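Q: Below are the C-alpha cells for one structure; questions will follow.
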C-alpha cells in the first residue's frame, strides 16, 4: 500500500527520438504529485514509464531507474505485467470495457489476478465503487453495460477499476481533460480522498487543477523543437505557484508562454 | 462553435437545474442539456436549404444505386419463381421433402430437393467448423502476435488464397487432397465408424470423392474470406481499450480476451456467415470432387452426392427442355432462400449484442 517512487536519471526514447532526458525525481507516499508543462514536453511519457506502459508503444524504450520503495521496476528480473498490477493507471479518455457490465468492469483487474469467488468480487466492487464516489449512482444497475454511463461517471468507473486491485500507486494521465466542470470537480474531490490510501501522480494541462489537488508540482519543458523534454523544477505546489526558482517555470505559470 | 452559441441562451435556466442535478446523484449531469434545446419554444424560422446541382446529381446517383440493388435481388427472386412454378406444378413428388431427383421430362417430373439441401448444408457447415477456428487463429496472429514486418506479406498471402479460382481448388482437391486423405478417412471410418458421422458412406474412401474431402477444400476457400474481415475488425480494437487492459496488468492473451475478442465478435460472426454463404453456393470445386450417387444421403462424411449448386451445374448442358430446367431452377430458388435465412440468422446474432457496442 502507498509506496514511494524514486526516479533516477530516466531517459525515454521513441525509436531513435530522444523524448525525455535525464529525469530524476522523488514522489513520497500518500501524496499527490502533479506534472505540468507545455504539450510535447514529455510529462505523459514520464508518467507512462512509471508503470512500464511506455514500452507497449512499438519502438519505445527506457533507460535509467524507477524505484518503487527501493526496488527497480526496470530490473531485468521484473515482469512488466506484475508492475502494472501494483501501479494502476487512469487515462485521458474514460475507457471502460464496453462489453462488460459495471460490476465486471470494476473487478476486471481482480479477475485477471485469478480471483474467482463471486461473493468476494461483489464486495470488492462495492468497496471500489464507494471509494470512487460512484456507488450511489450505479448500485441499482450494476449489471448494465459500463458504456451507458455519462463521461464523468465512466471516468470514476475507471478509477474504481484501478483502485479495486489495491495498487501501491495511482497514475492519472489528464483524467479530467474530456470532462465537464462538474465531473471535473467530482474527480478532484475524489483525488483528495484517495490521497489517504494511495500515492498519486497526475498529469494535467490545467494549472488551477494542479494548484488545487497537488502537494508537489513538477514542471517539464523542452529546450526547443526536436529537443528532448526535461524536468525543470520540482517543488511544493505552493512554492511553484508563488515563488518558483526557475525563470521558465515562472513564465509558464504566469502565462507568458505555452 | 455555433453550436455552443445556440445552446447558450435557452440553456441559461437549465444551468441552475444542472447544478442541482449534479448534487442529486441519480440524474446524469448531461441529461438536462437536451431538454431546453428541444422545448425552446422560440418560433423556428424555416430553414434555408442551399441546393446546388452537385447535390441533386449526387443524391440521384446514390438513391439510384440503392434502388438498383434492391431491384436486382427482387428481380432475381421473381425470375426464379416464374421459371420454377410450371415445373413445380407438374412435379409428381414432394418437392421439399422428396429425396429422389428425376427431372427428365420424358417420364414425368418427380423431383425432391431434400437430399441436395442436406448435402449442401452438411458440407458447408462441416467446412465452416474447420475454417472458423483456423481463421480466428490466423487473424489474431496477424493483428496481435506477428511482427509488423511479417504481418503485411503474410496477410497478402492469405488474401491471395481468395484470388485462386475455384476450379483450381477443385482440381487440387480431387487429384491431390483426396488420395492424400485416404489413410485419415480410413482410420476414422475403422475406429470411429460407430458414430454416424464417420460411418461407411456411398463413396470409395481410397479415391476420396467424399463430403469429407469437399468440406476440407471448402474450408480452405473460406479461410481468406473469414480471415480478411476478422483481421480488419480486430485491427480496429480501440487502442484505449487495449491500454486499459494492459494497465490492469493483463498479459497478451488476457488483452485479446478482454478487449479484442469482445470487440471483434460481431464482425467475426458476420465474416463466418459470409463465408458460409460462399460455401453453400460453391459449385465447381464440389462438382469435381464429389462422386455422384443414386443412393440417399446417410449423414456420413464419407458419402458422395451432390449439393444444389453442383447438381444444377452437372445438368446445365441439358437445359433444352424448359420443364426439366424449371426443376433445377426450383432447386436454385431453395438455395437463394437458404442464403437469405443464413444472413438473417447472422444479423439476429449481431443484433443481440448491440447493447454492448
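Just so it is clear, glycine is given a Cβ too, placed from its N, Cα and C backbone atoms.
Remember, TrEMBL labels are computer predictions, not curated facts.
Under the heading region 'Disordered', TrEMBL lists B:1-48. As annotated by TrEMBL, compositional bias 'Low complexity' applies to B:8-25. TrEMBL lists B:66-89, B:109-142, B:154-178, B:206-230, B:279-299, B:325-346 with the feature transmembrane segment. Residues annotated as domain 'ABC transmembrane type-1' in TrEMBL: B:117-346.
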Q: May I ask for the residues of the chain that lie six or more residues beyond the transmembrane segment (B:325-346) and have a Cβ under 8 Å from a Cβ within it?
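A: Counting only partners 6 or more residues beyond its ends, the transmembrane segment (B:325-346) has Cβ contacts under 8 Å with 76-77, 80-81, 83-88, 91, 95-96, 101, 103, 109, 111, 113, 116-117, 120-121, 269-270, 272-274, 276-277, 280-281, 308-309, 311-312, 315-316, 319.
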Q: Top stretch among B:66-89, B:109-142, B:279-299 for CB pairs under 8 A with the transmembrane segment (B:206-230)?
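A: Against the transmembrane segment (B:206-230), the leading stretch is B:109-142.
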Q: Six or more residues out from either end of the transmembrane segment (B:279-299), which same-chain residues have a Cβ under 8 Å from its Cβ atoms?
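A: Same-chain residues near the transmembrane segment (B:279-299) but 6 or more away: 99, 115, 118-124, 127-128, 166-167, 169-171, 173-174, 178, 196-197, 199, 201-204, 207, 209-211, 213-214, 217-218, 221-222, 305-307, 309-310, 312-314, 335, 338-339, 342.
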